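Pulled from TrEMBL, these are the features on record:
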type	residues	note
BINDING	C142, C209, C210	Zn(2+) binding site
DOMAIN	1-224	domain 'Hcy-binding'
Amino acid sequence: MRTFVFMKSVGLARRAVRECSSSRPIQIIGAIGSYATILFDGSEYNGHYIDTIDEKTVVDYFLQQSKPLLQADLKILAFETIPAFKEALCILQALDRMPDDIKCWISFSCKNGQLVNHGENFAECVKKIIVHPKLIAIGVNCTKPSFITSLLNSAQKYLGEKFFVVYPNSGEKYDAKTKRWLPPEDEDIDFDKMIPEWKTLGAKLIGGCCRMKPEDIRKISAVIAFLNNKS
């Protein structure tokens with residue numbers, strides 16, 4: 001049943017691509033969340049589970065989640081909302097057991113302008129995993145927009161010919177205990193200023209994550225279109 005749902009979802013995405021009038025090539029990418037998504041406790045916002053769970057369990061999780069997407073003939077996977085460096089290493093182990101033509105990005109969730117949610121330094125995480133041949137990009141998602149520029153700036157020197165993927169949240173903070181989103185603290189989202197900075201620092205894909213509204217995505221799209229036309 002699970003495989004059927006994945007196959008059906010990819011089929012619907014492919015139909016949408018065919019029906020789209022865009023002249024640009026459109027790539028369908030399979031998204032896989034962190035191990036926390038099967039715990040249902042919001043721990044992707046702290047990564048504490050990685051301190052107690054065994055490595056094999058996490059590697060097996062990513063292999064199992066990837067399998068139906070690979071069966072649907074997707075060639076690029078997005079491992080996203082990853083809170084801990086150790087979990088990123090588990091993803092690389094899983095990738096090593098996948099076909100040679102499979103590529104991916106790993107996107108971290110971060111708690112400030114320097115650290116991933118579990119506490120490791122973002123730039124050091126990038127430095128240590130960027131050389132993997134199946135990794136095409138590094139992402140930052142489900143992170144406050146105001147943290148993004150600092151994060152990208154700290155790790156840009158390790159990118160080489162690869163690139164950043166950026167899809168922040170609305171700036172609100174999730175409270176795992178109450179299961180509620182808390183209002184942002186002085187979060188001034190100025191996409192006109194932020195997006196040019198992100199692009200300059202190596203971001204090639206920019207979008208939105210949790211609590212971003214349609215008008216936010218439209219604004220992001222408009223800023224990117226303006227910058228592309230300007231160049």
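Including glycine, each Cβ sits where the backbone N, Cα and C put it.
Cβ neighbours within 10 Å of C209 (Zn(2+) binding site), excluding its own Cβ and spanning all shown chains: 19.
Around C142 (Zn(2+) binding site), the same-chain residues six or more apart in sequence whose CB sits under 8 Å from its CB are E44, Y45, E80, T81, S109, Y167, P168, N169, C209, C210, listed in sequence order.
For the domain 'Hcy-binding' (1-224), the predicted model reports an average pLDDT of 93. For the recorded Zn(2+) site, residues C142, C209, C210 set the reference point as the centre of their Cβ atoms, and the other residues of that chain within 8 Å of it by Cβ are T81, S109, N141, T143, Y167, P168, N169, G208, R211, M212.
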